[in-house]
Amino acid sequence: MACDQQAELRRVFELFDRDGDGRITREELTESLERLGMPVHREELAATIARIDANGDGCVDMDEFTQLYETVMRVDGGGGGGGGACDVDEASMREAFDVFDRNGDGFITVDELGAVLASLGIKQGRTAEDCGRMIGQVDRDGDGRVDFLEFKQMMRGGAFATLR
């Protein structure tokens, strides 16, 4: 994994690791997902953590988080196989897009981006100017909004690259 990908992954991990102890607890994961508007059932969350938690401590550390990322990237990366992984990838991308597209109009606006970033406690999105710059970095057609295609391209190129 490239250094910039490792740094990006570390930033994402730290967003979920609210107390900064180097482990994402079930509570931290629940809280982060709820802030994104993605409530998860306890059983589903427990199963997810059990799949990720290689050392069995009930939490997700940076190594386990990295392993999960690498596994997802191998599945997403294409390379043959049936269409199943692509369908899951598309559905996951749509679900993530819908978190940001709060009014459901098919676009992520400056205000919507700001609201989601604020709910996550991300400082870089505190002003409309910051959010406008972030959107400008991925807005291919120049309409001042991010559509689903632009969102997918951004996610495949590095989901949090605009937060630097």
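Residue numbers in this text run from 1 along the chain shown.
Glycine residues also receive a Cβ, built from the backbone N, Cα and C atoms like all the rest.
Swiss-Prot lists Asp101, Asn103, Asp105 as Ca(2+) 3-binding residues, and of the candidates Glu90, Glu112 the one it assigns to that same site is Glu112.
Mapped onto DSSP helix, strand and coil, the domain 'EF-hand 1' (4-39) counts 23 helix, 2 strand, 11 coil. Classification of Asn103 (Ca(2+) 3 binding site) by DSSP places it in coil, neither helical nor stranded. Among the binding-site residues Asp19, Asp101, Asn103, Asp105, Asp143, Arg145, not one has its Cα within 10 Å of the Cα of Cys59 (Ca(2+) 2 binding site). Less than 8 angstroms from the CB of Asn55 (Ca(2+) 2 binding site) sit Asp61, Glu64, each of them six or more residues away in the same chain.
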